[in-house]
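Per TrEMBL, these features apply:
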{"type": "SIGNAL", "residues": "1-24", "note": "signal peptide"}
{"type": "ACT_SITE", "residues": "H413", "note": "active site"}
{"type": "ACT_SITE", "residues": "D465", "note": "active site"}
{"type": "ACT_SITE", "residues": "E474", "note": "active site"}
{"type": "DOMAIN", "residues": "534-614", "note": "domain 'Carbohydrate binding'"}
Amino acid sequence: MEKLMRLIEMTPLLLLLFLTFVFAGHDYNQALSKSILFFEAQRSGYLPHNQRVTWRANSGLNDGKASGVDLVGGYYDAGDNVKFGLPMAFTITMMSWSIIEYGKQMGANGELGHAMEAVKWGTDYLIKAHPEPYVLYGEVGDGNSDHYCWQRPEDMTTDRHAYKIDPSNPGSDLAGETAAAMAAASTVFRRSNPAYSTELLRHAYQLFDFADKYRGKYDSSITVAQKYYRSISGYNDELLWAAAWLYQASNNEYYLNYLGKNGDSMGGTGWAMTEFGWDVKYAGVQTLVAKFLMQGKAGLHAPVFERYHQKAEYFMCSLIGKGGRNIQKTPGGLIFRQRWNNMQFVTSASFLATVFSDYLASSRGSLKCAAGNVAPAELLSFAKSQVDYILGDNPRATSYMVGYGNNFPRQVHHRASSIVSFKVDPKFVACRQGYATWYSRKASDPNVLTGAIVGGPDAYDNFADERDNYEQTEPATYNNAPLLGILARLGGGHGGYNQLLPVVVPAPNPVVAKPKPAPKPKFTPTPATSSNPITIEQKMTTSWNAKGKTYYRYSTIVTNKSYKTLKDLKLSISKLYGPLWGLSKSGNSYGFPTWLNSLPAGKSIEFVYIHSTSPADVSVSSYNLA
């Protein structure tokens with residue numbers, strides 16, 4: 001192979017064969033794959049055999065044990081090792097909404113299975129956290145003691161106390177958001193896992209009843225959450241939010257009537273919002289109810305639902321600068337709400353703009369703003385501009401998605417990624433030792449937190465890539481969750497959308513990983529699902545300039561993941577504009593090199609090619625397993 005590389009790099013005549021490099025915009029499909037992968041880095045509990053973020057290991061294995069309940073699993077919220085129930089549930093709701101709206105596009109990209117696995121990792125934990133109808137565990141660990149230490153999740157020595165709400169210590173916002181998550185997820189699994197879907201819906205019914213019957217703010221019961229996830233908006237928005245998701249999931253008129261009867265008194269029709277996130281849900285409620293209205297489901301509640309719809313329009317108009325009160329933006333065009341983790345508001349607002357654009361287009365409507373009527377496409381264009389900013393189209397030319405592009409944050413405020421992997425060096429990292437040895441290092445993280453969306457720049461597009469700059473460099477699960485839907489939508493093209501039809505989330509089919517054209521030469525492939533017998537991974541290994549052109553060498557690894565011998569492999573390779581070594585060509589397909597007839601279980605072969613553009617499209621046409 002070394003001789004081959006020298007041959008490749010020393011053959012200038014081959015350069016005449018190549019096409020000119022063309023910048024093709026952002027690769028939303030690649031970004032989607034990375035965004036989903038981030039959730040695997042946030043996993044707590046026993047990691048599965050198909051875990052793709054291999055630098056992580058099991059953690060939090062005694063969570064809940066002191067309280068006599070199994071709370072192993074779930075997600076760490078951000079760069080720490082605490083499991084906060086409110087933002088985790090919101091994360092699950094938004095991932096589920098992304099799949100409900102754009103699961104078909106995720107399936108075409110081969111990522112639907114991964115996205116559903118990410119949802120199920122969360123809902124499996126939420127089921128455990130709801131052991132009785134009127135009991136819900138809303139936090140494991142304590143933020144104060146956790147933040148005192150800088151340790152890998154695998155080394156945690158901090159307090160893992162479990163905190164709950166019950167009738168004597170209610171939390172309508174927490175229970176309501178968890179009901180919304182369960183209801184939304186039940187829709188995701190309705191076709192592929194109906195028994196699980198039914199179980200989720202049962203929990204959602206119980207949790208809504210709990211939230212509505214025993215009212216109160218969760219952070220008055222779980223006071224340790226106040227410093228980190230205080231419920232400033234109260235719980236009325238979560239009650240309406242949960243009712244909307246329960247109606248979406250069940251078509252039960254009780255929840256439609258709840259939205260109609262309580263819309264005015266609970267603020268659903270009154271609050272004109274310019275933000276949406278884990279705390280304030282009104283804009284999300286208004287968007288969902290507007291969808292019900294466009295679907296013709298409002299019935300006698302049409303006048304109330306119209307008021308919800310008007311407030312949804314207010315939010316959308318404020319995003320695009322055509323409302324009565326518009327959202328602040330940076331000079332580079334990014335939504336700006338606050339210094340600390342501003343990106344959470346960017347992704348969540350952009351998701352609402354995306355789905356509302358499609359709702360309007362499906363109903364052949366337009367957006368009514370103070371500045372006049374606006375075509376639905378303008379909302380989608382706005383959402384695209386925000387995503388493009390995140391991916392690098394900004395004054396700093398920085399990608400705020402870790403691992404995407406060439407210029408992304410290297411010193412992420414994240415315990416697990418900033419400390420050497422437990423699998424590389426299992427030597428125990430003590431509580432304060434982590435700060436001295438790893439936190440203070442002025443070097444790149446030893447583990448790349450692929451797909452993470454960090455807090456992002458300030459009001460003037462400035463950003464400091466420093467580990468102690470937690471306001472800007474800390475990621476969070478709820479930054480990524482809404483982004484899944486937008487990326488799937490943008491990567492899925494422009495045709496065939498009717499978002500007002502009944503929701504049918506397809507069952508995830510095994511899809512061979514097919515690398516998509518990358519906007520920049522450095523490329524990380526879409527990982528294949530664990531059920532695929534054959535995986536394909538591509539990466540750029542070197543590049544050089546000659547006569548004003550840039551040329552790239554790509555290495556492609558084909559692996560037999562099955563337990564049988566792979567024979568008669570046929571690969572389809574398109575968008576290849578240069579020479580290829582390591583395969584034999586027959587007609588329009590490629591097969592094993594002449595010296596190889598089969599590939600044993602677990603083994604790989606490599607082939608390489610050179611050309612002057614993004615990676616070629618490589619997929620499996622046919623094969624036999626013997």
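Using the three backbone atoms N, Cα and C, a Cβ is placed for every residue, glycine included.
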Most Cβ neighbours within 10 Å: which of the active-site residues D465, E474 is it? E474
Helix, strand and coil totals (DSSP H, G, I; E, B; other) for the domain 'Carbohydrate binding' (534-614): 0 helix, 52 strand, 29 coil
Whole-number Å distance between the CA of D465 (active site) and the CA of H413 (active site)? 9
The domain 'Carbohydrate binding' (534-614) [mean pLDDT, rounded to integer]: 85
Tell me the Cβ neighbour count for H413 (active site), meaning other Cβ atoms within 10 Å of its Cβ, over all protein chains shown. 24
Rounded to the nearest Å - Cα separation of E474 (active site) and H413 (active site): 5
